[in-house]
Each structure stands twice: as C-alpha cells, then as structure tokens.
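Heads up, the thing below is written out as structure tokens.
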Amino acid sequence: MMEILRGSPALSAFRINKLLARFQAARLPVHNIYAEYVHFADLNAPLNDDEHAQLERLLKYGPALASHAPQGKLLLVTPRPGTISPWSSKATDIAHNCGLQQVNRLERGVAYYIEAGTLTNEQWQQVTAELHDRMMETVFFDLDDAEQLFAHHQPTPVTSVDLLGQGRQALIDANLRLGLALAEDEIDYLQDAFTKLGRNPNDIELYMFAQANSEHCRHKIFNADWIIDGEQQPKSLFRMIKNTFETTPDHVLSAYKDNAAVMEGSEVGRYFADHETGRYDFHQEPAHILMKVETHNHPTAISPWPGAATGSGGEIRDEGATGRGAKPKAGLVGFSVSNLRILGFEQPWEEDFGKPERIVTALDIMTEGPLGGAAFNNEFGRPALNGYFRTYEEKVNSHNGEELRGYHKPIMLAGGIGNIRADHVQKGEINVGAKLVVLGGPAMNIGLGGGAASSMASGQSDADLDFASVQRDNPEMERRCQEVIDRCWQLGDANPILFIHDVGAGGLSNAMPELVSDGGRGGKFELRDILSDEPGMSPLEIWCNESQERYVLAVAADQLPLFDELCKRERAPYAVIGEATEELHLSLHDRHFDNQPIDLPLDVLLGKTPKMTRDVQTLKAKGDALVREGITIADAVKRILHLPTVAEKTFLVTIGDRSVTGMVARDQMVGPWQVPVANCAVTTASLDSYYGEAMAIGERAPVALLDFAASARLAVGEALTNIAATQIGDIKRIKLSANWMAAAGHPGEDAGLYEAVKAVGEELCPALGLTIPVGKDSMSMKTRWQEGNEEREMTSPLSLVISAFARVEDVRHTITPQLSTEDNALLLIDLGKGNNALGATALAQVYRQLGDKPADVRDVAQLKGFYDAIQALVAQRKLLAYHDRSDGGLLVTLAEMAFAGHCGINADIASLGDDRLAALFNEELGAVIQVRAADREAVESVLAQHGLADCVHYVGQAVSGDRFVITANGETVFSESRTTLRVWWAETTWQMQRLRDNPECADQEHQAKSNDADPGLNVKLSFDINEDVAAPYIATGARPKVAVLREQGVNSHVEMAAAFHRAGFDAIDVHMSDLLTGRTGLEDFHALVACGGFSYGDVLGAGEGWAKSILFNDRVRDEFATFFHRPQTLALGVCNGCQMMSNLRELIPGSELWPRFVRNTSDRFEARFSLVEVTQSPSLLLQGMVGSQMPIAVSHGEGRVEVRDAAHLAALESKGLVALRYVDNFGKVTETYPANPNGSPNGITAVTTESGRVTIMMPHPERVFRTVSNSWHPENWGEDGPWMRIFRNARKQLG
C-alpha cells in the first residue's frame, strides 16, 4: 500500500523566477508556479497512530510547509519507474534506523502546480520538458500515479541467440538490438567459439563479451599493430608509453596492472583508530602514493550531473581498490566543452554550429557537470584541489581541410591521489574456495552498456541505449564502502581483502571475470545472491547493469566473519555471490529458473580476441598565418580575459570542499583575496608531518590542429612548469598520467595520435627522466547529426591531458603567484627562446583564427634545466612568487599574479623583441618569477648555471596601487586599472553563477571584486597563538576520553580526532551503530564531538535524519540526554554535527533558543575560507579568545541560521548565546555574500548553551588546527593555527 505525505516548498523564490523567465522566453503564457515536495511511502503493513506521527515528523524538514491548498495544473516529477533514486535509498535507511520497519521504501517527487493561460498539448509538452530531466525522471498528472514507482514485476529468464540455427546473421541482429558495438572480426570469433562449444550463446554472454572487449575496457587501439603511410611501425602505442617506465623505473612501485599506479611516498604517522579499542593514534610507516585519472565523457554529454558525479565516483573507487585496499585522498577535475554562448554574454568568436538532439549544450554541461563532480567529492569527503577548463568550437582549416572542430562530446576528467600501505601495494593470492563478494549497493536497472556506449562516436547508437547507459550516484554509499576498506587495510597483516576491483563499465559482467582472471582462478556464481532492488530484472540486467558504488573482492573463507562484522558496523551492504575455482571457467547459476545463464571457459571471454591493425595515412596541417588586421592589444586583452579557458574559475572552485581531511596545504585559492590561480595542489602526507604530495595538470589541445606532437610535448611541459612550484627535488620523483582523447578513424587523426604518443613516450619523457605509469584513452571523440538536410560532424582536436604527481619534501615551501610589493624584480624565463609563436593560442581563438606555427618544447635540456633551477631556488627560499606562462601568454600570467597580490605592475617588454602582440600573447613554455631586488643577481646566476642565461628577461616589478602598465623603450604598450582587468576576468564566472545560483549572491560577489580598498583576509588575535594552555594538564599524564561521533556519511572525524589528540585527549571512534546496538555507551566519556560531513547524504534535512535516529530510539535518546545533563562534560558539534545537535534541543539543557540551520541563501554548497569574530558568550571552548578575528574553513550547503521571528533572534542575542559571527575584511559583522557564505542574520555561525558546555558551529576549526592547512596565513605563525586553542581550552576545562 502507498501513503502520500506533503512536504516543504521545493523551490526558492529566485528559482521560480528563473523558471518563469524561461517560460516567457519560450513564449509560454505561464503566470505562476508553486512547487513542493511530495513523499510516497510504500508500506508492507499499516502504521499505528504513533508510527504515523513519527513518519510525518521524519518527513518534516526544510522550510515550513505551505498551509494553503496549491492552485493550478499538477505536473508531478518523480524518478523514472523501475529506478530507485539516491534520495530513496538514504531516506529508507533513516526510516529503518528509526524503527519504522513497515516502510519498504520511501520515494520523493516534486509537485509543480502551474497556473497558465490556454496551452496547446505541444506547449504543455514544452513545459514538462523544462521541468524534468528525461534521462532520470518522468512526469505524472495525478499523485496516485506514483504507485507505478513501487510496481513489482516477475523475474524474466535469460534469452538465447539462435546462432546454430540462423548462423552469423543471428549475431549481427543481436549486435544491433543490444548495442554491443562488436567489430566484424569479433562476430567471426564468437561464431567460431560457440560453434566449437556446440551451443547457442545467451544474450548475457554476448553482452558480457561486448563489455569486456569494448574499446573502453580493452584499449584495442593502444594495443594495435600500426601501418602508417604503408610502413609497418615497430611498436604499439602502449609499448611506447611503457618505454617511459623501462627508461625511468625509479620510485615506481606498481604500474599498468592495477586500478591505479603507485609510487614511493614518505615515512609519516598515519592516523587511525585501533580495531579493538577504537582509540585513535599515529602509526609511523611509509604512506606510498597512488595516482589515477579517468574520463567519463559519454555519460556527461547525455546527462551531465550524474555523468560527472559517477565519473568522480568511479575514479575514487579505482583508488580505493588499488592493491589490497587503499585510501583516496584528494581529487582533480577537468572539462573540455564547445563554446558556452551564455545568453546575453555571447562572445564574438562563438558561432552556433548546431548539435544533435540527444546531447546537451556546452552551457548545460558546465552548469550541471561540475556540480555533479563536486557533489560526489564533497559527500564522499575528498577535497577537489586542481583542475582545468577549456572551451573550443570552430570551423578551421586543419589537417583534413576545413571542418568543424570542438567538444560536442566533452572531456570530463576525474583524477586524484591516495595513500597505500607498503605491504598492500601488490594484490594478494586468491585461494581456491575464496569467497567472491560484492561490496556496496544493490543492482538496479541503470547504466546498461556504458563500456560499449562510450566506445561509439556520439550519434551512432540508439537514443534508448543512451538512456540506458546513464548511471546514478550515491556518494554516501561509496563512503560507507570506503570505511570498510579502511578498516581492512588498517588491520595490516590481518587485512581480510585478498584481491579487490571496483565495479565500473559493464558492471559485474566485467568486474568479476577480471577479478578471478587476474587472480589466476575461475569462478562459480549464484545470480540470485546478488543484492537487487528490482525483482523484475532479467539475468542480463542483474549481471551487467552499472549500478555504482560497488566493489568486487576475494575474501578468505575463514576471514568472512571479521569482514561481516566490519560491514555491519559501517552499515555497508555486501553479498557473497560465489567462490573461486581451480578450473579457469566461469559459471553463473540462476536459482529462480534453475538454469545456467553463463557457462564459459574464461579464455573465450578474455582470451586472444582478434588483434587490431590500424592502416592509416599522415596528413599535413594547412594552417594560415595569423591575420592581425583589426587586432589591438586593448581589445585582445578584454577578449582573452573573457575566454573561459583563461577567465576566472571561481564558479568551479567554491562548489567543491577544499579543506576536508585537514591535510590540504595548497588549494586553488591564493592569498588574502582568495584568487583561484594556484600553480598546483599540495596535500600533507599525514596530520603530523610536512612531507606531502602534489598534483598539477597540463594540456594544450588546440595546438594539435597544427602539430600533433607539439601539442603532446606542451602538455607535458605545462604540467612540469605547474608542479615545479613546490619542493619536490629530483625530477624522477614526478610521475605522469596521460589521458588521450581522439576521434579514431577520422582522416589524419590516427597517424597524428601515433606521432603524439611517440613524441612523449619515446622521446620527451625518457629525455627528461619522467615516467607515465598510468593513463586512459577515449577514442571516439566525434559527434554526428543531421542539421536540416545537411549531415554534420563535430570532431574534437586530439587531446592529451597530462596530470603530474609527486612526493613533496616540504609543503611549506610551495610558491604561489601572489606578488609582494617589497623591493622586487620580475623575471620572465622564456623557454620559447624568442620564438613567440601565435598559432593555436587564446589570441588566435578569440579572433576566430588558427594561425600557422604553434609553440613547442624548443630545447629539452633547457626544460630540464628550468625545472632543476626552480627547484634549487625553491629550496633556497629565493622566490617570492611564481606563475607559469600558459593560455593567454605573458600578459595573463602577470595579470593573474597582480590579482593574487592585489597590486599594480610596471612591466617593460623591450627585451622580448619588437613584435609586441607576439611578446604578450605567445604561449611558449616558461614562467614569471618574483625575487627580492637584492637577490636578483644570485637568482640569475642559479638560472645561468642551469643553462638558462639566454632565456631570462627582466620584465619589471610589482608596485603598490591599482595600475597595470606595460611599456617598451619608454613607450606605453598597454595601461589599465588592475581592478578593471580583475572585473573583466571575473565576468564569465559571474555570469555562470547568476545563471546557476542565486543571482543576488552572484551580483554581491562580483561587486566586491571591484573594490580596490578591500584589505583582504586579516587576523586580529586577543590571545598568544604560541601559548599551550593545555600543557600543564597534559603533563599530568591523564588523557580524558572524547567520543568522536560519526554517522554513515560523516567524513571529518579523523582530523577532528587528531585535533583533540594533540590537545591531550584520548580520541575514541564511536559510530552511531555502536550506540544503537549497545556495543558502546557514552557513560565513560568526558567529552563528545559530532563531526561534519553528509550523514545520510543530507536527505530529510542536513543532520535531521541523524538527530531523528537518536530521538526516535528510546535507549539512545536516554543515553544522550544523560550525557548532556551530566556536569563536567563538554560537547562540540561542527557542520553536520552542528545541524544534528541543533535538532536535539529537547535533550540539551540551555539550548531552547538555538536556531535551525537551513539552505544557504545562494542555494549552493559553499566552500570558503571565511573571516569570523569570536563574540562574548558562555562557551567554555572559546574562553580567552573573545574579540579575535581570524579565517576558518567553511564547507556546507545548509548553514543559514533560521529563527522563528525577530523576537527569537533578539532573545538569542540578549542571552549572549551567539559564539561566532561572520565579519567582512573590514572587520564588520556582515550578511553580505560571500563574506557571509550562507546569509545568516547578524552573521551568526556558532551558538552555545547557557552553561557554555555545549557549543555548535558551522565552520570547521578541526580542518585548520595546523597552520599549514590554512589556505592563507600570516607568515609568523608556527605549527599551530589559532583554532588549536578551542581544543586546548576543552582539555583545560576538564582539568
């Protein structure tokens, strides 16, 4: 039976206004819209009155419910029937944890009530199209129609393909019907194999074969034999990549054989809890570094949010599934798309060339895709610290004559680093009889055929198959699985995981054969033991679906009880679905139909399928010299600062958590003005050291339209000039991931790909001492469609994205582009050696040209000398600022440095030649360094020692003030206010934020950028940062116990434990499941801290589901009430823990006036480094800190204080319960965005109880307790940041 329960309003006023504006623009006479959530409960038994009241209370969250009956025509948007939304999975979990076992499933829809004039059927279809994503959702016209969401169907049996009766044609038909993308020779192979077996194949076997042998999974082109211009080539592409490892194997521990590559890390204290006692401690051991970069291009073109989200999720799983289990740590992301064409902000180079119906626009991709990727990283608890964004779409005369080149099929790049124990780097041995396990969520009828689908050019497959290959994301589930993997690797030698792979393209049909085959075993499986939420799925759908957040593992039979215990504690679902066999055979039994859908020797599936041969021709580029008529420097500057590749990326940065883990030493945002221009991302290796890891990206794809090899060399060069900004040492410490995107089969591209791989793998990397131990290829970067009567194609340029990773010697020595105005000199190191080529530059692009000669690596020895010289100068502390030259050339490099330093520049380019345009806008490799004037001679001497004397040019100095002036021989070449340039540079991000978020907030942030008087972040402390008030208490040897409380989805517990540990506490890991099952109680604890993250993925209101699982469980409720009423206890709630505790008001004495915390005014997750002031309050944790003003990490989507009315706010203030407020950079309490990131009245962001024993706050002091993890800080701070005082105050209070 189904119950319907009304929910809160679903759209804020500005979202409704945006919808109305869209309808008006489409000439649809819609006058008014009201939208509210509607909940549907599928019940297996009736609820009594108390249970019904409990369910109603559970589903009461967010803004107050509307009291009126809605007016207008109902359009009910729900998830597509036959799918289960991530919201449903998490909300159902909460209902069960609150004791409501009668609830089979909760689901949620949005009821839109549309008031409109008379609309035709076609117009109503337009309205519904605007309101839902057809890939994920459906529209009903009656609330009762939602019954279809819970419809159950009978299982369907396996289908046989009549190969023996119909011959080869049966396979050809199945290939089309199932979208298998099989090549002719593969059809021959299958016909031969099954004829030898003497039986017909089942659909599931063909599907499994197609996924396992798709280009996506098998990399056929990279393993192919090559004939170019009639000449047999000596090596495959992959062999040339492997050549880098054969030449420079130094520091590589694992390459080419696992889900990620591993290199040597540093010996540090890894901080985690003991399995038996739950007590956190440091464990001194090597933290080796793993690295991986994936792409998820096809799904992102079809449905950007889930496409990008599952792209990030899949890459995170690759990291976790490395060796015998590892820990993902920090991420990077990248996008290449066609022109944005923002309405009202179209740029002169953006022509509309059309696109196929089934893919979304570049603007849609960049509105939704980054949000999806960020949301997954945020909820999983991984900071996203690095990225790139390129737009390109043009009709150009390239290798193949005049044609359309661009990114209708986008690049969505997801990568990152993690850490792994030395003894877990290599996979274990799978014993015969080992249990084969699926860890993670249930099978669902989604994401079918992703591997084969992404191996086709967009436009080749059927639209229904595109639907089928879109996945959905549940990062909170992946977090639970990762917690299990963490518990396993933390056991060291007792780790129950023998072998692990993630489930990706092809689902279990790819993952399980890969697992057993890699372990030298076969496997027998039971189909019906696979967890499934949809009983009507066919065997093919159960075995081959790509439900995300799953891993496959081999676990020794005798360790299964331990594994079971770990999973139950973390509430991570798992199923034993088979066991490993001696015989290399794969069998899948179906208990329901008592038959065998799969019964194959492994070598038929993964054996010697036909090897590909590429027989291709070379084409020469046809670029024309740049036509300069009509190009002025002033006009060029404004255009280039508007080009998204160059323009400010704040809209892509602040949506992503950049402080979680407490180990982020360098994020994108630089300096007191928080400008997104960092050269590279840097993390600390642990919470107790200054060793670290660095990541940087290089890519220069448009250059490939003129010179394939140069484009590839520049990508490597740019990654190197970016990562050089931190202290790494020997260049052999740097390892690269190479992600290759090409339109295979397009005239000239295959030969170009070979040329590019050869340039990097055989020549440049070996010469530099660089290794490429990991990478990925996507070989179908073309889109076809019909535009009227014309057949059109959009082909991407050959695109190599290089991600560089390295161990860092000392993270404190990372250099940023932030200029200083002390007596200084700016030096350009020009690795272009005066070539100043303008082909395929930003300048050429914004004037709709390609040019002829591009930049290149001009001298490999000098590139190596450059890296070594910068490393020497970093180690000697001779550099004040550093920024590489890239897109936009020298002018953009200097401008970004001036933005970061909030200063002026007096530059002189006389020494760069007479061609001013080329001097300012060429994109040859190089960098600008800032040094003290007194050090200039010594620095130039170091550069000369490294063979760079002829590359160094003095180009002026940074000065106070707002003028950005470039001269040559006394003549002004360009002069503008730095603030004006800063505003131009910000206009793209402003327009994107206006479109996507609350436009009022976007306007306020943009306005702030034009204020030259803004002093930036600054610090005023009322206490001595170096005084340790806990020292006398630590000296007694007594360590009070703090319960570090977490719920499923919480992700900030480790850094929180570390902060309390440093202050003299014994930090104990306490999961809510420990309390609910009675394994642990709170009676032994002196302090309790509820940590940040996304408990239950923030469904049913941030922190509210967590709170209700306490309030609705009598024993646990009493336990919390007793703790809060006990004198001599302390409690802290941070972020999600703050939201949770604010919902426990009825249990916490003196908290009656506490507010609720609701959706940010921006309607967006906000990750900021914000200034707060400590106010006079009873809070025991903030004693002695009153009046201090200091920055703190902020990361939340629901942090806005909501009070009942003005009287409630006045009472909260007059009782002195406000503990922290947001202030602007002038020190004034503020409600203005983004200084106040959530719009809370009076800047309120922390409150306390009347006794001061319980304090809750939205910002994260635990993420910045170490100075090194602050995005910016005054130079005189030592190891401890000022927020360490909170934790020491706690220790002091407990005596």
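Residue 1 is the first one shown; counting continues down the chain.
A Cβ is built for glycine as well, from the same backbone N, Cα and C atoms used for every other residue.
Not measured: the values here are computed from a predicted model.
Per Swiss-Prot, active site, nucleophile is recorded for CYS1135, and the stated evidence type is sequence analysis. Under the DSSP three-state reduction, CYS1135 (active site, nucleophile) is assigned to coil, being neither helix nor strand.
Here Swiss-Prot flags HIS1260 (among others) as active site. DSSP assigns HIS1260 (active site) to a strand. Its own atom aside, the Cβ of HIS1260 (active site) has 25 Cβ atoms within 10 angstroms in the protein chains shown.
Annotated active site per Swiss-Prot: GLU1262 (among others), in sequence order, evidence recorded as sequence analysis. Of all Cβ atoms in the protein chains displayed, 30 besides its own lie within 10 Å of the Cβ of GLU1262 (active site).
Note on GLY307 (ATP binding site): other Cβ atoms within 10 Å of its Cβ, all shown chains, come to 28. Positions annotated as ATP binding site by Swiss-Prot, on the basis of sequence analysis: GLY307, ALA308, ALA309, THR310, GLY311, SER312, GLY313, GLY314, GLU315, ILE316, ARG317, ASP318, ALA678, SER886.
Counting every protein chain shown, 25 other Cβ atoms lie within 10 Å of the Cβ of GLU718 (Mg(2+) binding site). Residues or ranges marked as Mg(2+) binding site by Swiss-Prot: GLU718, ASN722, ASP884.
Residues or ranges marked as domain 'Glutamine amidotransferase type-1' by Swiss-Prot: 1042-1295.
For 305-327, the entry in Swiss-Prot reads region 'Disordered'. Nonlocal intrachain contacts for the region 'Disordered' (305-327), taken as residues 6+ away from its ends with a CB within less than 8 angstroms of a stretch CB, comprise 135-136, 254, 258-260, 262, 290, 292-296, 298-299, 333, 368-373, 375-377, 380, 382, 412, 414-421, 424-428, 447, 470-473, 475, 478, 481-482, 485-486, 488-489, 495, 497-504, 548-549, 551.
ALA678 (ATP binding site) has its Cα within 10 Å of the Cα of none of the recorded positions GLU718, CYS1135, HIS1260, GLU1262. In this structure, GLY311 is the one among the binding-site residues GLY311, GLY313 with the smallest number of other Cβ atoms inside 10 Å of its Cβ. Predicted-model confidence for the domain 'Glutamine amidotransferase type-1' (1042-1295) is 98, expressed as mean pLDDT. In sequence order, GLY372, GLY373, ALA375, PHE376, ASP473, PRO475 constitute the residues six or more apart from ALA309 (ATP binding site) in its chain with CB-CB distances below 8 Å. Neighbour density at the Cβ, taken as the number of other Cβ atoms within 10 Å, is lowest among the binding-site residues GLU315, ASP884 for ASP884. Per DSSP, the region 'Disordered' (305-327) is made up of 16 helix, 1 strand, 6 coil. In the shown protein chains, 27 other C-beta atoms lie within 10 A of the C-beta of ASN722 (Mg(2+) binding site).
Ranking the recorded positions ALA678, CYS1135 by the number of CB atoms within 10 A of their own CB puts CYS1135 at the top. Using the Cβ center of GLU718, ASN722, ASP884 for Mg(2+), the list of other same-chain residues with Cβ within 8 Å runs, in sequence order, ASN679, ALA696, GLY698, GLY717, ALA719, LEU720, THR721, ILE723, ALA724, SER886, LEU925, ALA927. Comment: ATP site residues GLY307, ALA308, ALA309, THR310, GLY311, SER312, GLY313, GLY314, GLU315, ILE316, ARG317, ASP318, ALA678, SER886; largest CA to CA distance 32 Å, whole number.
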